[in-house]
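Copied over from TrEMBL:
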type	residues	note
BINDING	GLY109, THR110, ASN111, GLY112, LYS113, THR114, THR115	ATP binding site
BINDING	ARG383, ASP407, ASN408, PRO409, ARG410, GLY458, GLU462	meso-2,6-diaminopimelate binding site
DOMAIN	23-77	domain 'Mur ligase N-terminal catalytic'
DOMAIN	107-312	domain 'Mur ligase central'
DOMAIN	334-460	domain 'Mur ligase C-terminal'
MOD_RES	LYS218	N6-carboxylysine
MOTIF	407-410	motif 'Meso-diaminopimelate recognition motif'
Amino acid sequence: MKLIDLLGCIPFYETNDDIAHIEVSGIEMDSRKVESGNLFVCIKGFTVDGHDYVEQAVQNGASAVIVDQEVHSSVPIIKVANTSRALSMLGVKYYNNPTVKLPLIGITGTNGKTTVTYLLETIFNEYKKKTGVIGTIHMKIGNETYPVANTTPDALLLQKSFKKMLDQDVDQAIMEVSSHALVQGRVYGCDYDIAVFTNLSQDHLDYHKDIDDYLRAKSLLFAQLGNSYSGEDKYAVINEDDASSTLLKESTAQHVITYGIENSAQVMASNIKLGAAGTTFQLTTPVGELTIQSKLIGMFNVYNMLAASAAAIVSDIPIAHIKTALEKMEGVNGRFEPVNEGQSFAVIVDYAHTPDSLDNVLQTVKEFAENRVFVVVGCGGDRDRTKRPLMAEIALKYADHAIFTSDNPRTEDPQEILDDMTNGLHANEDYQVIVDRRLAIQYAVEHAKAGDVILIAGKGHETYQQIGNVKYDFDDREIARQAILAKE
Ligand SMILES: CC(=O)N[C@H]1[C@@H](OP(=O)(O)OP(=O)(O)OC[C@H]2O[C@@H](n3ccc(=O)[nH]c3=O)[C@H](O)[C@@H]2O)O[C@H](CO)[C@@H](O)[C@@H]1O[C@H](C)C(=O)N[C@@H](C)C(=O)N[C@H](CCC(=O)O)C(=O)O
Ligand SMILES: Nc1ncnc2c1ncn2[C@@H]1O[C@H](COP(=O)(O)OP(=O)(O)OP(=O)(O)O)[C@@H](O)[C@H]1O
Ligand SMILES: N[C@H](CCC[C@H](N)C(=O)O)C(=O)O
Ligand SMILES: [Mg+2]
């Protein structure tokens, strides 16, 4: 593509050279990955500034650079107001604006995004629609999976992935939209057809100034809905029982469809029967009413099913297919996942890593436990410190025995993270600190008796533990399995 044509998507830019002849073979934001003829976009990050890597990009063959600060270079320099924003626009243009053709659902909220994403995948697949999914666990096109570094990838990878989905005849794309992505503009230029809100509670206060700032970040998804003027109907799917619903409804000029249990909403669940092996409820929607018998456990999963059902209804999926899919769904990788080797006690691995999710999941465990509840939990390093004491308190509120351990310490001292968790606790409470996560899991398994439940929270599907900057192989499910086998 000619650079001059590509730059048509940026309203104002300055250049120091004649760029009419330049062909662009691709766009790159990482100097280490630049190939001959690439346009290098300099992004100021949290760790380093891409403007410092212009020379490396040029050595690797960059044909031009996009900057928002002064740099010196032997290739043409194009100066814009904001390179992050430019990167998204360039990605959209380079990959030919894929989301205008690709039906796209974006899911945001503190908890439940991944679960709702996979519920929607199951529903669309049941209706014989090919899906593309982007989220925490991986990117998935049809049955092929690809690893991802972020829940919501950077703008370039995102647009490239949408293009790939279109090339592979995907009918419906479904993605998680993190608050980081919204603030950083990773999703500028995505033409969402449906934006779903799950819930809002405390997380990421290392990144967002306060909870209002966090909510404002989430609201950007709803404000962006319909900005492409494609003329199609767009929908915001909102949890009416969440205190943030009013602001989010006011953030969009598009159609709103609500779901809920407590407050009156368009899609509702009633007559809910929560069980240890599944959940039954009456689903009431504007297009009909039916009974759902789901294998998913816990009230929070009723909300996830309502969110997915509402998004499926506005996508014109017949409710009979929604019912079949919800009832077929076995669960999501690493979410309330049992580890069963025929032992006399239950072991559940879950991804709860926020106060609210831990509260929800422990409440559910407590309700069905025949005997004592053990919880093995920690908090991630280089992340929101203020959630640490809250998570410890919640663990003690429900569990008969809490074992506090490391999650992904990253660059923090694991003991200091655990001190943050436990400093405010009373000494006589029944908890223990075992820094090594493997030993903590082993301890819980060794001490469990018939009818007890062990909840291992925080890492769910993760198959590594990050200590310092190194990711070591680590899978809670495997460690638990080995411990169970060693015991019996
Ligand atoms: C805080 C944050 O959002 N960080 C993201 C950010 O990293 P960064 O700002 O540190 O990037 P950087 O290393 O300073 O690099 C700046 C620029 O210089 C470039 N560079 C860098 C080095 C070099 O040699 N040459 C070069 O050109 C980089 O390619 C980049 O363009 O940009 C990177 C590239 O897009 C992201 O991968 C990275 O996510 C890191 C891995 C991360 O941990 N992010 C978390 C906080 C996050 O975003 N989480 C949410 C999910 C949260 C949730 O839902 O619970 C997510 O969407 O994943
Ligand atoms: N609707 C919900 N409300 C509260 N907690 C939930 C809800 N759904 C799931 N959870 C809890 O949160 C954990 C994470 O769920 P899930 O992975 O679906 O959320 P997520 O929003 O994708 O999280 P992340 O921000 O890490 O991507 C689950 O393991 C469960 O404990
Ligand atoms: N997307 C979340 C995942 C947290 C998972 C938990 N295991 C941790 O490492 O804190 C984050 O980056 O905050
Ligand atoms: Mg997720």
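Every residue, even glycine, has its Cβ placed from backbone N, Cα and C.
Considering only the binding-site residues ARG383, ASP407, ASN408, ARG410, GLY458, THR115 (ATP binding site) has GLY458 as its nearest partner by CA-CA distance. Largest Cα-Cα distance over the residues recorded as binding meso-2,6-diaminopimelate, namely ARG383, ASP407, ASN408, PRO409, ARG410, GLY458, GLU462, equals 17 Å. In the three-state DSSP reading, ARG410 (meso-2,6-diaminopimelate binding site) counts as strand. Checking the recorded positions GLY112, THR114, LYS218, ASN408 against ligand 4, the ones with a C-beta less than 6 Å from an atom of that molecule are THR114. With respect to ligand 3, the binding-site residues THR110, LYS113, ARG383, ASN408 contribute ARG383, ASN408 as residues with a C-beta closer than 6 angstroms to one of its atoms, given in sequence order. With a 10 A radius on its CB, ASN408 (meso-2,6-diaminopimelate binding site) counts 24 other CB atoms from all the protein chains. For GLY109 (ATP binding site), the number of other Cβ atoms no farther than 10 Å from its own Cβ, over all displayed protein chains, is 26. In the shown protein chains, 17 other C-beta atoms lie within 10 A of the C-beta of ARG410 (meso-2,6-diaminopimelate binding site).
The separation of GLY458 (meso-2,6-diaminopimelate binding site) from GLY112 (ATP binding site), Cα to Cα, is 14 Å.
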